[in-house]
Amino acid sequence: RLQESRERLSVCSKLCYAVGGAPYQITGCALGFFLQIYLLDVAQLDPFYASIILFVGRAWDAITDPMVGFFISKTSWTRFGRLMPWIIFSTPFAVISYFLIWFVPDISRGQVMWYLIFYCIFQTLVTCFHVPYSALTMFISREQSERDSATAYRMTVEVLGTVLGTAIQGQIVGKVITPCIESPVFIGKPNSSVAMEELNMTHDTGSLTDTRNAYMIAAGVIGGLYILCAVILSVGVREKRESSELQSDEPVSFFRGLKLVMNHGAYIKLIAGFLFTSLAFMLLEGNFALFCTYTLGFRNAFQNILLAIMLSATLTIPFWQWFLTRFGKKTAVYVGISSAIPFLIMVAVLDSNIIVTYVVAIAAGISVAAAFLLPWSMLPDVIDDFKLQHPDSHGHEAIFFSFYVFFTKFTSGVSLGISTLSLDFAGYQTRGCSQPSEVNVTLKMLVSAVPVVLILLGLLLFKLYPIDEEKRRKNKKALQDLREDSNSSSESDNTELASIV
C-alpha cells in the first residue's frame, strides 16, 4: 500500500500530462477538415497536385513513426529524461512549419513543392512530439490504475483538442465565405468552361485575400496553443525512469526488439481489431462534412454538426473510463464501438432531417469517445504482458506506441485514397453547390454501409484478444512480485558488497 501511495499521480500532474495531447489533435483536426479545401480554393492548385500533396504527406507521416521510434530507442537518458527532450526541441520548428503550410507564396512556379515540403516537415516534427508523448504513458507511473486514469484525462483533452481545432479553424475561416459554383447553365454551348471560369473569377477575387488572411490568423492561434501546451507538459510532468524499467533489465537492440514486439500475439490482435474500427471512424470523419453539405443539404449547419460530435465525445470520456473499470475493457469495446451502428444505418435510410442528424451526431460522438480512449488504455496492458514474457528486454515502449500510430495513420491514408477515388469516379464537382446523384449514393456508402461492415469485422477480431480483466489482474500482481524480487535482490547485493568493504 505504501508503494502504491508513492506511485499515485496528483490531479495536477495528470492534467499537465493530458494537456500535452492537445497539439497533435488540434493541428490534425484542422488539417484533416480544411487542408484539401485550402489547397483547391485558396492556393488554387490543380486537384491532381493537391491529391499528390495529401497522399504523399500522409504516407510520409506514417513512415516517420517507426523511424522516430527507432531513434528514441537509441536515445540516452538525460536529466530531463529520454522522451522529454524530443518534445521540447521539436515544438518551435513544428509551429513554424505549420504556419508556412497555410501561407500562399507569391511565386508562379514551385507552389506544389512548397506545400509538399512544409507539409512533410511538419508531419515529421509533430511525430517527434507525439510518439515520445504517447510512450510517456509508461514513464509517469508503474501503477496500471494510475496510467489508466492519466490516459482518461489525456483522451478527454485530446477530444477537446479536436473540438478546438474544428471551432478555431471553422469560426475564423468561416467568417470569409467563398461562394460555391452553381450548376452550369452553359452546358451544350460552346466555350461553356471559359464562361464559367470568368463567372467564378468575378465572384471570388474580392474575398480571396481575406480568405488567405483568415487561414493565417487561424494558423497563428493554433500555433500559439501548440507552444502553450508543450510548455505546460514539460513543466508539469516528470519522466520517471524507474517507472518502466526493472533493475535487472538489460538493453536489447532495436531490430531484435522489433521482432519480439511483432511476434507478441496480444499486440498483433489488438492492432488488427483497431485497424478496422479506426478505418471505419476515419471514413466517417473524412466524409461527414461532404455528406451533410450535399446529401443532407445542410451546407450552413455542418460545422455545428461536427461540433456536436466532438462535444458529445468529450463529455462521454469520463463515462467510458468508469465503464471500463466497472465492466472491463473488452466489454467497453463491444458496447462502445457497436453503439454507432444503428445510428449510422438510420442517417442513411431516413430522409434528410436536421433533428435526426443531430441525434446521429451525438450518438457517433459517444462511440468516437470509446474509440479514442480504449486503444490507448489497452496498449499498456499489452506492454505489461510483454514484459512478463520477456523480463530481460526493456526500452521497447516507443516501438509499441509508434507502430500502433503507424498503422492508424496507414488506415487514414487508405481512407483518404478510397474516398477521393470513389468520389472522383462518381463525378464529384469541386466547389459545386450541388452534386450528381451518384455522388450522394457514394457518400451514403462511405459514411454508413462501409463503416458498419468495418466495425463488425473489428469486433469479430477483438474476440481473439486474450487479455481480459482476470488476466490483467494476474499480470499486475506478477509484475509487482517481479519488481519486488528485483529490488530485494539489488538491496541484498548492496548489503553484501558493503560488508565485504
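Using N, Cα and C of the backbone, Cβ positions are placed for all residues, glycine too.
Panel annotation: around the transmembrane segment (15-39), residues 9, 45, 50, 53-54, 87, 94, 98, 101-102, 115, 119, 122, 126, 129-130, 133, 136, 140, 150, 153-162, 164-166, 168-170, 173, 215, 218, 222, 225-226, 229-230, 232-233, 235-237, 285-286, 289, 306 of the same chain, lying at least six beyond its termini, place a Cβ under 8 Å from a Cβ of the stretch. Residues annotated as transmembrane segment in TrEMBL: 15-39 (among others).
Residues or ranges marked as transmembrane segment by TrEMBL: 83-105 (among others). Sequence-distant contacts of the transmembrane segment (83-105) (same chain, at least 6 residues past either end, Cβ-Cβ under 8 Å): 20, 23, 27, 31, 35, 38, 42-43, 68, 72, 75, 111, 114-115, 118-119, 121-122, 125-126, 128-129, 131-133, 135-136, 139, 212, 215-216, 218-220, 222-223, 226-227, 230, 233-234, 237, 239, 398.
The transmembrane segment annotation in TrEMBL covers 112-133 (among others). Residues 20-21, 23-24, 27-28, 35, 39, 43, 45, 49, 52-53, 56-57, 60-61, 64-65, 68-69, 72, 83-84, 86-87, 90-91, 93-94, 97-98, 100-101, 105, 230, 233, 398, 401-402, 405 of the same chain lie 6 or more positions beyond the ends of the transmembrane segment (112-133) yet place their CB under 8 Å from a CB of it.
According to TrEMBL, the feature transmembrane segment maps to 214-237 (among others).
If you look up TrEMBL, you'll see 266-284 (among others) marked as transmembrane segment.
Annotation source TrEMBL lists transmembrane segment at 304-324 (among others). For the transmembrane segment (304-324), the list of distant contacts is 33, 148-149, 152, 155-156, 159-160, 162-163, 166-167, 170, 288-289, 292, 298, 331-332, 335-336, 357-358, 361-366, 368-370, 372-374, 377: same-chain residues at least six beyond its ends, Cβ to Cβ under 8 Å.
The list of residues near the transmembrane segment (331-349) in space but at least 6 beyond its ends in sequence, with Cβ under 8 angstroms from a Cβ of it, reads 273, 277, 284, 320, 323-324, 356-357, 359-360, 363-364, 366-367, 369-371, 374, 444, 447-449, 451-452, 455-456, 458-459, 462. Under the heading transmembrane segment, TrEMBL lists 331-349 (among others).
TrEMBL lists 355-377 (among others) with the feature transmembrane segment.
Long-range contacts of the transmembrane segment (398-423) within the same chain: residues 51, 54-55, 58-59, 61-63, 65-66, 68-69, 72-73, 83, 127, 130-132, 134-135, 137, 254, 257-258, 261-262, 267, 271, 274-275, 278-279, 282-283, 286-287, 290, 375, 379, 382-383, 386, 439, 442-443, 445-446, each at least 6 residues beyond the stretch ends and with a Cβ under 8 Å from a Cβ of the stretch. According to TrEMBL, the transmembrane segment annotation covers 398-423 (among others).
TrEMBL lists 443-465 (among others) with the feature transmembrane segment. Residues of the same chain lying 6 or more positions beyond the ends of the transmembrane segment (443-465) and with a Cβ under 8 Å from any Cβ of it are 266, 269-270, 272-277, 279-281, 283-284, 286-288, 290-291, 294-295, 330, 333-334, 337-338, 340-341, 344-345, 347-348, 418-419, 422-423.
Summarising the annotation, TrEMBL assigns compositional bias 'Basic and acidic residues' to 477-486.
The region 'Disordered' feature in TrEMBL is assigned to 477-501.
Here the transmembrane segment (214-237) has Cβ contacts under 8 Å with residues 12-13, 15-17, 19-20, 22-23, 26-27, 30, 34, 38, 42, 80, 84, 87-88, 91-92, 94-95, 98-99, 101-103, 129, 133, 136, 140, 164-165, 168-169, 172-173, 175-176 of the same chain, all six or more residues outside its ends.
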